[in-house]
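Annotation comment: Swiss-Prot describes Asn10 as site 'Discriminates between blocked and unblocked aminoacyl-tRNA', evidence class sequence analysis. Look at Swiss-Prot and you will find Tyr15, Tyr64, Asn66, Asn112 tagged as tRNA binding site, backed by sequence analysis. Marked as active site, proton acceptor by Swiss-Prot on the basis of sequence analysis: His20. Residues or ranges marked as site 'Stabilizes the basic form of H active site to accept a proton' in Swiss-Prot: Asp91.
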Amino acid sequence: MKYLIVGLGNIGGEYNGTRHNVGFRMVNALAEDGGVQFVEARYGAIAHMRVKNAELILLKPNTYMNLSGNAVRYWMQQENIPREQVLVLVDDLALPFGTLRLKPKGSDAGHNGLKNIAEVMGSIDYARLRFGLGDEFSKGRQVDFVLGRFTPEEEEKLPELTKHAVEIIKSFCLAGIQRTMNRYN
């Protein structure tokens, strides 16, 4: 079976390492685990890998966060991947830092990337793996927080957290969403 694994983030060097780009960080960790490299393609950088009998198409949209839906739709159509086999990797302010939560569907929770994907797909019925950023910011400073860098203490924990995310992604593809949620949520 084929799966589309989409890491959300903003393109451009100024966004590398920011909290909002943790989706890119997770999909990069998956590519590294699979020993594959991304190549530039239409609407983003793409990598192909296998995990046992599952074929994974990894995508880092180059459309900016708020237009991610165009890239997702294009690659779903290009690779003939149904919505049930799409997993979007995304940051989440509502979860404490480092919390990983797999969801089968849901609202955009104020995330513009998820909002655009839902608009373009015409549905909120697609899986997402949310990476908790926490809410350690002053009122009105949300944008600065998500576009800011992780603290040194957080950065120290990221390798282990992204490794855990890779396990969840692989389980999603091999065992299905329900079993994976039961095991990891």
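The chain as shown is numbered from 1 upward.
Each Cβ is built from the backbone N, Cα and C atoms, and glycine gets one as well.
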In angstrom units, rounded to an integer, how far apart are the Cα atoms of Tyr64 (tRNA binding site) and the residue listed as 'active site, proton acceptor'?
11
Tell me the Cβ neighbour count for Asn112 (tRNA binding site), meaning other Cβ atoms within 10 Å of its Cβ, over all protein chains shown.
15
Would you mind listing, in sequence order, the residues at least six apart from Asn66 (tRNA binding site) in the same chain with a Cβ closer than 8 Å to its Cβ?
Asn112, Gly113, Lys115, Asn116
Among the recorded positions Asn10, Tyr15, His20, whose Cα is within 10 A of the Cα of Asp91 (site 'Stabilizes the basic form of H active site to accept a proton')?
His20
Rounded Cα separation (Å) that holds between Asn10 (site 'Discriminates between blocked and unblocked aminoacyl-tRNA') and His20 (active site, proton acceptor):
8
Find the longest CA to CA distance in the recorded tRNA-binding set Tyr15, Tyr64, Asn66, Asn112; express it in Å as a whole number.
16
Specify the count of other C-beta atoms within 10 Å of the C-beta of His20 (active site, proton acceptor).
23
